[in-house]
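If you check TrEMBL, you get these features:
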- B:12-75: domain 'MrpA C-terminal/MbhD' (DOMAIN)
- B:120-173: domain 'MrpA C-terminal/MbhE' (DOMAIN)
- B:29-47: transmembrane segment (TRANSMEM)
- B:54-72: transmembrane segment (TRANSMEM)
- B:92-112: transmembrane segment (TRANSMEM)
- B:158-177: transmembrane segment (TRANSMEM)
Amino acid sequence: MIDVLAAGPVDLLATRSYYAGTFLLLGIGAYVVIASPNLVKKVIGMNIFQTGIFLFFIASAYVEGAQSPIVGPKAVGPFVSPLPHVLILTAIVVGVSLTAVALGLIVRIYNEYGTLEADVLQEVRTDD
Amino acid sequence: MIGVVPAVLLGLVIACALATAVLRDVLAAIIAFAAYSLGIAMIWVLLQAPDVGLTEAAVGAGVTTVLFLLTIAKTVRPPGDDIFESLDPTGLLVAVLIVGVLASTLGALPPVGSAETPVAQSQVTDYYLNNAYEQTHVKNAVTAVLAAYRGFDTMGEAVVVFAAGVGLLVVLGREVFA
């Protein structure tokens, strides 16, 4: 921790830029989900938030100079860790399933209420 | 230390995410998001995760974009001529708080690419890398872990996809095929 403080913020950013990128993507994703009145854009924001977390996992598995984990009998290391890659592969597919159901609900909401803006939707629903 | 190419790609990805956030027209936001997915797929390749890169390019940039485009084809784009969305103070406050709190942990994280990170030193990583080929005869350790060591996990993933498909048909009222 002490040598981290001695290194200063520029060095901190240069060695951990993927993590900084993760944090920014999480912030942008959360902003879109909260701020955008449009339901489709809220789902896009959710997807950005999600890929921010993927970036954290894949960056944590990375080792400089290592190869992708194709092991075989003749392969020589070092290799990056395969486990975070597997977790993220699963997460990508689950994320698409989530997006598909969310967008299905959005189409249904549009058919029922004729709008995709969250504030208009709230007014229409209180009038009912 | 991050190289020039990864730094440019990371900047491009964050710029695309920002463009997605500020563009008011949903079609424009979807196109910016597709560019974002493609950029992040290239980052996966640079981080030695080609399997994740392939899946992201096919599923993230491909299938997800098609799903979004189908949705706006069946619904509406927001009315009005504004190019950019107006700034939302509450959302901005929350986003800045999230980034601020997370950024305060940056110094406690190990440098990216160091061989001393907990993930690289982990016994689990060593076990998979040393034994995957002998035990499964699959050269790609990612495939070996996905289909053999964590096969039940992958089956659970297939169940989620199936449930999503069923859920989608029920939501859209198409569960009966005439």
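The backbone N, Cα and C atoms fix where each Cβ goes, and this holds for glycine too.
Values in this document were obtained by computation on a predicted structure and should not be read as measured data.
Within its own chain, the transmembrane segment (B:54-72) has Cβ neighbours under 8 Å at 26-27, 30, 33-34, 37-38, 40-41, 44, counting only residues six or more beyond its boundaries. Here the domain 'MrpA C-terminal/MbhE' (B:120-173) returns a mean pLDDT of 90 for the predicted model.
Residue counts for the domain 'MrpA C-terminal/MbhE' (B:120-173) under DSSP, helix first, then strand, then coil, are 46 helix, 1 strand, 7 coil.
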